[in-house]
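Sharing a structure below in structure tokens format, with a few things to ask.
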Amino acid sequence: MIYNFNSGPSVLPKEVFEQASKAILDFNNTGLSILEIGHRTPLFQAVLDEAIAHVKELMKLDDQHEVLFLHGGASTQFFQIPMNLLNENEMAAYTDTGVFATKAIKEAGTFGHVEVVYNGKPSSFRELSKNIQVPKTAKYLHLTSNNTIEGTQWHDFTQFYNSGVPLVCDMSSDILSRVMDFNKFDLIYAGAQKNIGAAGVNMVIVNKDILGKVDRKIPGMMDYRQHIENGSMLNTPPVFAIYVCMLTLRWLKELGGIPAIEKLNDEKADLMYSTLDSLPLFKGSVPKEDRSKMNATFTIDNPELEKAFLDICKNNGMVGVKGHRLSGGFRISMYNAMPLAGVQAITELMKDFAKKNG
Ligand code: PMP
């Protein structure tokens, strides 16, 4: 048995792997592979329509919010967002909460002014702030809901809901994992390769009202309005990646939707962090109130023991345990498709290792 704790691309439900494999050979009993069907056929249109319908239903989106499947990964959104929303003489507020947030800030600076309203660098991005002031003149406020590398996550958005400016959020690593009022956000984006499906596609949810207000010319493929008008079919979409997203969304719906997965995610995170806190050998990297339920980050002070624990994980079929190359230590990613049994297995290994080496 292999448990995959990678941070993304990451584990997907077994049913999705099985159905996607089958569709490569014979899609819906058509005798055709999903890899060869035309994107403008009713066959694929049904896939895209189903994926969008699941997203709208799961996230309870209102009619103002459009769901798009675009190319380029979340990193493309780092510049596509300011290109569509920010004039050169205007200012957008950004929270610098991690490596990806810093990249988003850098890209936004190419299109307009950026004001960093929270700088997490002094704490090496290991904590978040409860008291962020956002100037009313900001065109929008950019957040990263879950910081994948550092293992922090915003658990309360009240201060942002009250900021009075449009909210833009990178939800790449915790989208669909917990109940939230998604309609409070004017733009949500996420690379698919964690909780949505396969790498190669990007989900963007945008409130139509905030578009069409910048002066610059926007290339067609970068223009959200053109993608909306063309139903995410401005050009050939990543057909297979979208199909895998549809299957994963269908799986989540059948499981009971976001409330059901949140319950499971809470159980996994509780088990992981209570284990971590009970074992002095392992040091959690993030203060309790800011810990991510998707990515648990921790260390062992002794480099030899760190290596020994990684070896033990490997020998027991647990992959993706090593922390990001920029942070070191360990990172256990517990996305939607990670079963509780996986977290039970790794926490048992941690206990056993601490007993022998603590
Ligand atoms: N934002 C966050 C929070 C991420 O975890 C990642 C990495 N998956 C990115 C942005 C960049 O995503 P991509 O590699 O799809 O461009």
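The backbone N, Cα and C atoms fix where each Cβ goes, and this holds for glycine too.
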Per TrEMBL, which of Phe44, Phe100, Phe125 sits in the pyridoxal 5'-phosphate site along with Ala74, Ser75, Thr148, Asp170, Gln193, Asn235, Thr236?
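Record source TrEMBL; matching candidate: Phe100.
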Taking ligand 1 as the reference, state which of the recorded positions Ser7, Arg40, Ser75, Lys194, Asn235 have a Cβ closer than 6 Å to one of its atoms.
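Going through Ser7, Arg40, Ser75, Lys194, Asn235 in sequence order, those close to ligand 1 turn out to be Ser75.
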How many other Cβ atoms sit within 10 Å of the Cβ of Thr236 (pyridoxal 5'-phosphate binding site)?
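Excluding its own Cβ, Thr236 (pyridoxal 5'-phosphate binding site) sees 10 Cβ atoms within 10 Å.
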If one measures from the C-alpha of Thr236 (pyridoxal 5'-phosphate binding site) to the C-alpha of Ser7 (L-glutamate binding site), what distance in angstrom results, rounded to a whole number?
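Just about 28 Å between their Cα atoms.
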Averaged over the domain 'Aminotransferase class V' (2-345), what pLDDT does the predicted model reach?
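Averaged over the domain 'Aminotransferase class V' (2-345), the predicted model reaches a pLDDT of 97.
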Least buried of the binding-site residues Ser7, Thr148, going by other Cβ atoms within 10 Å?
Ser7
Among the recorded positions Arg40, Lys194, whose Cβ has the fewest other Cβ atoms within 10 Å?
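Counting other Cβ atoms within 10 Å of each of the recorded positions Arg40, Lys194, the minimum falls on Arg40.
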Can you tell which of the recorded positions Ser7, Arg40, Lys194 lies nearest to Thr148 (pyridoxal 5'-phosphate binding site) in space, using Cα positions?
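In terms of Cα distance, Thr148 (pyridoxal 5'-phosphate binding site) lies closest to Ser7.
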